[in-house]
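A quick write-up on the structure given underneath.
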Amino acid sequence: MSISPREDEHNPAGQAEKYHKNVADKEFALAYDYSEVEASNEEARKLDPNGTDNIPVWRNRYFMYLWIAQALSQTAQHTLNISLIVYVGKLTKDSPTQTSIVTACFLLPGVFFSAIAGVFVDWFRKRTTLLVTNITRALLVPWLFFMTALPLGLALPIIYLITIIFSTISQFFNPAEAAAIPLLVKPHQLTKANSLFQITLFATLFLGTSLLGPLLPDLIGPDKVFLVIGILYFICIWLVWALPKSEQVHKRPGDKTIWQTIKDIFLGVYEAWQFIRKDTQIWLAIVYLSTVQTALFTMTAIGIPFVGEKGLKQSSNSIIFVLAPLSIGLGVAVVLVNRVVTPANRLTALKYACGALGIILALVGLVKPIADLWVLITAPGVPLGGPGLILLLVSLSIPFGFAIGLLNIPALTILQERSPKELVGRVFAAYFTFANAVSIIPILFAGALGDIFGAVLGVGNGIVPVFFLFGACVVLVAFYGHRRAKV
């Protein structure tokens, strides 16, 4: 059954009424036994004589187990993302191609599994899914510690394989974690619980990406980082093991096999895609969100070699002077976005933010020529380093983070507001699939082009034109958004 286009693009409710009259027949029937949660609330009730309605979520020990497990697992995952790129960079002498490949290995499973992982999660108890994913990751990651003892030609394929398996498992962990929250708190507490999880998500992103990922490899060694990450996942296993075992999962109505159900899932995603293409605002929001993801991953993949020995000749952990200020710019955007962006000017704000993002990316490419010019002006052999180089990186990183926030937040709001509630899950699934798919291509090409240009322009200069090209492409996306918004 196809989805009819919106008759009024500004009336999401009208579209929702037209979509699938028999949606209820296609949903999973789930029932939950809250007896163990009530027992936890009984303990908290002793601390709050007014009853469980006034008990803060942080006094619910089962919820706190899940929350701490989220904080540790997300920190471990973000730290692994950066540490693995640093690790591969050290093994390959900062090859942009190899660091781009390992970044693509993180993204590739999302193309194939992000759309269906949520449905698979509904077939099993959330506690079981969380346990299996954490156990698997805890046993998998420490194997990376032994890669330095292997020949490079053998170590790299194994690293890529482990990365793909790890990322595939993580596709199932994230929806299981989100779906477990309603099992542990009362409905009126969901807003507070989700807010706490979102704050933690941004905090762990900053901690893992901006601090631990760049710094830990130099502090304890790039290979020992994987042992620390494995320990974090083992702690998560203990926390998840303590969650209630009382969730009841009922069979899905009907006699459909798993493969027939999977076919239905992909048909549903296709229908959502048809719906997305007919709504200009939702489509442009997905384009801009995908551009942000591509920019972030590409900057990470080629940024570490750029800062390292093949570019600015700085220590790999100097990438912190790019990532930490980026987080500051993102935080400023979070504070200001509601004041500067309204429903009436969202598309305009997104267009200008995307254009600014492209210009900043191109300016990053000028850092290396400026550093080389500094050497010529001052004295041969005296590189632009220390406070001067740090100030230059920070001056670009903060507005880069601000532009990302100005793109991300309004675009996500568009998806949430304009998608009918019966479609919102599939709209986000389609967005994740599209974003992961389009991110892989420029990441791989950026690394390869960096090596190709490096052979012509010199090893240290190969990534410079890549930043120019990538920045120009992002500006073209902004121009496309400008033209499409007028249609």
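The backbone N, Cα and C atoms fix where each Cβ goes, glycine too.
Quantities reported herein were computed from a predicted structural model and do not represent experimental measurements.
Your range for region 'Disordered', going by TrEMBL and the list 1-22, 243-264, is 1-22. Of the recorded ranges 225-243, 319-341, 427-450, the transmembrane segment (389-415) has the largest number of C-beta contacts under 8 angstroms with 319-341. Contact between the transmembrane segment (196-213) and the transmembrane segment (319-341) is supported: at least 3 Cβ pairs lie under 8 Å, counting only residues 6 or more apart in sequence.
For the transmembrane segment (101-121), same-chain residues at least 6 beyond its ends with a Cβ under 8 Å from one of its own Cβ atoms are 81, 84-85, 88, 129, 159-160, 163-164, 167-168, 170-172, 174-176, 179, 261-262, 265-266, 269, 297-298, 300-301, 425-426, 429-430, 432-433, 435-437, 439-440, 443-444, 447. Sequence-distant contacts of the transmembrane segment (225-243), counting only residues of its own chain at least 6 positions beyond either end whose CB sits under 8 Å from a CB of the stretch, comprise 62, 65-66, 68-69, 72-73, 75-76, 79-80, 83, 87, 127, 130-131, 134-135, 137-139, 141-145, 180, 184, 216-217. Sequence-distant contacts of the transmembrane segment (319-341), counting only residues of its own chain at least 6 positions beyond either end whose CB sits under 8 Å from a CB of the stretch, comprise 82, 86, 205-206, 209-211, 213-215, 299, 303-304, 307, 349, 390, 393-394, 397-406, 409-410.
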